[in-house]
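Feature annotation from Swiss-Prot assigns chlorophyll b 1 binding site to 44. What Swiss-Prot records for 67, 73, 86, 206 is chlorophyll a 1 binding site. For 89, the entry in Swiss-Prot reads chlorophyll a 2 binding site, with the evidence type similarity to another entry. The annotation chlorophyll b 2 binding site is assigned in Swiss-Prot to 91, 140. Summarising the annotation, Swiss-Prot assigns chlorophyll a 3 binding site to 124, 134, 201. Sequence annotations record features per position, and here Swiss-Prot assigns chlorophyll b 5 binding site to 152, 249 based on similarity to another entry. According to Swiss-Prot, the feature chlorophyll b 4 binding site maps to 152, 163. Taken from Swiss-Prot, the feature chlorophyll b 3 binding site applies to 160. Marked as chlorophyll a 5 binding site by Swiss-Prot: 200, 218. The chlorophyll a 4 binding site annotation in Swiss-Prot covers 204 and is backed by similarity to another entry. Residues or ranges marked as chlorophyll a 6 binding site by Swiss-Prot: 233, 242. Summarising the annotation, Swiss-Prot assigns phosphothreonine to 22 and lists similarity to another entry as the type of evidence. Residues or ranges marked as transmembrane segment in Swiss-Prot (evidence: sequence analysis): 92-111, 139-159, 207-227.
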């Protein structure tokens, strides 16, 4: 009996202590060691910032590092519009960067599906055989540029209309983070995890946007895809680099 009472008392003490620890743990937000929101968030005060964060950048939104020397975010409505534009373009840039590199990588491994260089692939529609998706005529086969453009406009219009209107009628979903059927893995179920994923998304999206800009410049300057440009640079860094190509565009005496 004494053993049972002692065990019960010990169990009660343990449960109380565990409950306090659990409550304290639940109260503390999850963190990766760096704050991304609020006044104590990580900041990047770039040129002409006078080492001060504008009052209108409060750290409420993901990707806010406190730098806005041009005052682009001063007006709330303009800021809201720019946030939407940046995020949508960042997502397209991530898909685009992946799409620019994947065909070249597959072609290097021996996969044959027509033109692998991203800025040359579309021109295959003007060839005699037309454009075959992945080089397979049984998949998507395109020969008419007008019909292809019309289909793209219609499909993109439907998708954008769906997004802007918040998804299916009556659901009222967030046009930027709709969730539900757009999040089948439940990545946004936990609010703290979701908040951190928003930051990761916009950071990687900004990097992808710069990557796409670089791919465009490479296409104009070298006439090659990003993977081939990387291979050329690694093979001979002193000859194949940005500085060497830049000299070709400088006026000569």
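A Cβ is built for glycine as well, from the same backbone N, Cα and C atoms used for every other residue.
Features per Swiss-Prot, on structure.
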| residue | record | Cβ neighbours (10 Å) |
| --- | --- | --- |
| 67 | chlorophyll a 1 binding site | 17 |
| 73 | chlorophyll a 1 binding site | 18 |
| 89 | chlorophyll a 2 binding site | 16 |
| 124 | chlorophyll a 3 binding site | 15 |
| 140 | chlorophyll b 2 binding site | 11 |
| 152 | chlorophyll b 5 binding site | 10 |
| 206 | chlorophyll a 1 binding site | 16 |
| 218 | chlorophyll a 5 binding site | 20 |
| 233 | chlorophyll a 6 binding site | 15 |
| 242 | chlorophyll a 6 binding site | 11 |
Any residues 6+ beyond the ends of the transmembrane segment (92-111) with a Cβ under 8 Å from its own? 117-118, 121, 204-205, 208-209, 211-212, 215, 225-228
Which one is it, among the binding-site residues 73, 89, 134, 140, that lies nearest to residue 204 (chlorophyll a 4 binding site) by Cα separation? 89
Going by C-alpha distance, which of the binding-site residues 67, 89, 200 is nearest to residue 163 (chlorophyll b 4 binding site)? 89
Residue 163 (chlorophyll b 4 binding site) has its Cβ surrounded, within 10 angstroms, by a count of other Cβ atoms equal to 17
Largest CA-to-CA spread of chlorophyll a 1 binders 67, 73, 86, 206, angstrom: 17
Using Cα coordinates, what distance in whole Å links residue 67 (chlorophyll a 1 binding site) and residue 201 (chlorophyll a 3 binding site)? 19
I'm trying to understand the geometry here, so how far is the Cα atom of residue 233 (chlorophyll a 6 binding site) from the Cα atom of residue 152 (chlorophyll b 5 binding site), in Å to the nearest whole number? 36
Rounded to the nearest angstrom, how far is the Cα of residue 206 (chlorophyll a 1 binding site) from the Cα of residue 44 (chlorophyll b 1 binding site)? 15
Which of the binding-site residues 124, 134, 152, 160, 218 has its Cα closest in space to the Cα of residue 86 (chlorophyll a 1 binding site)? 160
When each of the binding-site residues 86, 160, 201 is scored by other CB atoms within 10 A, the minimum falls on 160
